[in-house]
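**Q** Sharing the features that TrEMBL gives for it:
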type: ACT_SITE; residues: His228; note: active site, proton acceptor
type: BINDING; residues: Tyr24, Arg138, His228, Arg231; note: glyoxylate binding site
type: BINDING; residues: Pro77, Thr78, Ala79, Thr129, Lys204, Ser226, Asp259, Gly260, Gly261, Val262, Arg263, Gly282, Arg283; note: FMN binding site
type: DOMAIN; residues: 1-333; note: domain 'FMN hydroxy acid dehydrogenase'
Amino acid sequence: MEITNVSEYEAIAKQKLPKMVFDYYASGAEDQWTLQENRNAFSRILFRPRILIDVSKIDMATTVLGFKISMPIMIAPTAMQKMAHPEGEYATARAASSAGTIMVYKNRNVVAQLVRRAERAGFKAIALTVDTPRLGRREADIKNRFTLPPFLTLKNFEGLDLGKMDKADDSGLASYVAGQIDRTLSWQDVKWLQTITKLPILVKGVLTAEDASLAVQAGADGIIVSNHGARQLDYVPATIQALEEVVKAAQGRVPVFLDGGVRRGTDVFKALALGASGIFIGRPVVFSLAAEGEAGVRKVLQMLREEFELTMALSGCRSLKEITRNHIVTDWDLPQARPLPRL
């Protein structure tokens, strides 16, 4: 079967991967309402295309944290990719420049060592995931008694004396994380992180204007609007719906990116129209990696690029700066119906 869009890789991955692994990648928290909403919210944003504009040349290039990239489509920090394919992150890194991420552990010396490793490896930024003081309730992982396959290890933590992920009565991952994550993490730790590295720091997991303002005050170099792939707190808004609130609060002081639910080039355009500087994809990467390895990830990026370019052309936009809020209409722009008064 010829793959014609990003979403088709999920069905192939489901056939190829062990159930425990596929469910780990695909599932969300609890009722999975937010998981569905991450996609559904995009469908409620419609285009207002402009016509009779010369779109013979389309420029999708942009700059992120001082680095020029060919398009505003990037790969999100996504864990344990070797469960999807033997080459794992190596294949993904070859398909596109990979982003670095850390989680803050109880032992601050561990974080410092991870940062040093990232610097030595040539990473250009750190994405600090801030929405996991505890792991969300992922019922598929509980049912499957999720743990790492025996041939895999948490390679990034080798030599750091963090123990190992064992089987548990529910999710082995949840049990492991509960013993490692620091629940006292606060904005002071963002400032502390700045004292041990010169790399730009992106705060990943912001959903509100209040936290966007605090991220800027704490000196973050950028914000990633993310609900952790709907894997943490269920019934939070879709990231595309939270995006505009965060962008307005950031007031242009730092770039704001979007993570979650992007499956089409039209989604990329909608995010940029709402003020995002770029988007990150996660599940499409692991699903395409499982299906076709490095070639699959390359195809996903190419399909999104081509769809995004077409969306720009059909909307009358020749460059990213020409994509404006006036090119879309959202369901929250429309007047809300009010009940008629009783007579």
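Cβ atoms are placed via backbone N, Cα and C, with glycine included.
Surface or core, plus neighbours and distances: that's what I need for these features.
**A** In sequence order, Thr129, Asp131, Thr132, Gly136, Gly205 make up the list of same-chain residues 6 or more apart from His228 (active site, proton acceptor) whose Cβ falls under 8 Å from its Cβ.
Close to Asp259 (FMN binding site) in the fold, though at least 6 residues off in sequence, lie Ala76, Lys204, Ile224, Val225, Ser226, Gly229, Thr239, Ile279, Phe280, Gly282, each with a CB less than 8 Å from its CB.
Within the model, the domain 'FMN hydroxy acid dehydrogenase' (1-333) carries an average pLDDT of 87.
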**Q** Same chain, not part of Tyr24, Arg138, His228, Arg231: whose C-beta falls within 8 angstroms of the C-beta centre of the glyoxylate site? Give them in sequence order.
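**A** Checked against the 8 Å cutoff, the neighbours are Ser27, Gly28, Ala29, Leu135, Gly136, Asp141, Gly229, Ala230, Gln232.
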**Q** Would you mind reading off the Cα separation of Arg263 (FMN binding site) from Tyr24 (glyoxylate binding site), to the nearest angstrom?
**A** 19
**Q** Do me a favour and check the Cα-Cα span between Tyr24 (glyoxylate binding site) and Gly261 (FMN binding site); whole Å is fine.
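**A** A Cα-Cα distance of 16 Å.
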**Q** Would you count the other CB atoms within 10 A of the CB of Arg263 (FMN binding site), including those on all shown protein chains?
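**A** Its Cβ has 22 other Cβ atoms within 10 Å.
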